[in-house]
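> Pulled from TrEMBL, these are the listed features:
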- B:39-112: domain 'Phosphoribosyl-AMP cyclohydrolase' (DOMAIN)
- B:86, B:88, B:90: Mg(2+) binding site (BINDING)
- B:87, B:103, B:110: Zn(2+) binding site (BINDING)
C-alpha cells in the first residue's frame, strides 16, 4: 500500500474498514459499565452496516454463514454506545450496554476462564 | 462436534485452543493497569507457545508471515500477566503490562479513534 494511503487510513478521519480475504474484520465487545471484554466475533460489511444503522451489535456467524443479531433468540442484545477502530482499521472495539449475559453459556462474559499452570480455572472477576 | 466435546471445551479445565482454517486465533490485549484494549492481533500455535513460555506476547504477523515478538524492534514489549480464553477457546484475552506505547503510531492504544456521524474522531480516553 502506498505510504499516503497508510497515513490516510491510520491518521485520517475517513472510516475505511478493512475486511480480510474472507470479508471479515474482528469486533471486540466491551461492557460500557464494567469495561470487561464480553465477547469477540466477526463482522462482514452487512453486519457492520446493520450495527451502525440499528444501534444493536450484529455479527457474521462463521458457523451458520449468515447475519446474526446478537441476542436475536435469547433477547440478550448489545446496545452499542461507541465504535472504535484500530490504527489500520481491521479491528473494532464495540462499547455496548448488554441486556443480559453476553455468553451463550449464561456467563456475563465469554472470558470466564484463565490459564493457570497449563489448565483453565474460573476467573475471579 | 459431539455435545460432550462442546461441554469439555466450554466448561472443562483443559486448555484446548481452537485455531481457524488458517491456523490462527484472535488475541485481544488489555492493559493490566488501565483495562483499555491496547491491540488485537493473531496467534498461531508457535506464537501462543512462545507467549506462554517467555511471558511476553508473541503474535503471528499475517503481513510478514512469521513469528513476531511484540516490541522486538521498538522495545515496547508486553509482559503477560494473565491469559483468558473464551467459551469455545478460539479467542484469547491477554492481560499485559506494556513497556511503552502499544501502537506502532506511538499512541498508547491502537484504538485511538471512534466513529462519530460517519467519520472518525480522536477518543477522549
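Glycine residues also receive a Cβ, built from the backbone N, Cα and C atoms like all the rest.
Automated prediction, rather than curation, is the source of TrEMBL annotations.
Any idea what these are sitting next to in the structure?
Taken together, the residues of the domain 'Phosphoribosyl-AMP cyclohydrolase' (B:39-112) have an average pLDDT of 97.
The secondary structure of residue B:86 (Mg(2+) binding site), as reduced to three states from DSSP, is coil rather than helix or strand.
Residue B:87 (Zn(2+) binding site) has a Cβ environment of 20 other Cβ atoms inside 10 Å.
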> Using a 10 Å cut-off, grab the number of neighbouring Cβ atoms around the Cβ of residue B:110 (Zn(2+) binding site), all chains included.
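Residue B:110 (Zn(2+) binding site): 26 neighbouring Cβ atoms within 10 Å.
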> Counting by DSSP secondary structure, give me helix, strand and coil numbers for the domain 'Phosphoribosyl-AMP cyclohydrolase' (B:39-112).
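Helix, strand and coil residues of the domain 'Phosphoribosyl-AMP cyclohydrolase' (B:39-112) number 10 helix, 30 strand, 34 coil.
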> Specify the count of other C-beta atoms within 10 Å of the C-beta of residue B:90 (Mg(2+) binding site).
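Result for residue B:90 (Mg(2+) binding site): 17 other Cβ atoms within 10 Å.
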> Measuring Cα to Cα, how far is residue B:103 (Zn(2+) binding site) from residue B:86 (Mg(2+) binding site) in Å?
24
> Look at the binding-site residues B:86, B:88 and tell me which residue has the greatest number of other C-beta atoms within 10 angstroms of its C-beta.
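Of B:86, B:88, the one with the most crowded Cβ is B:86.
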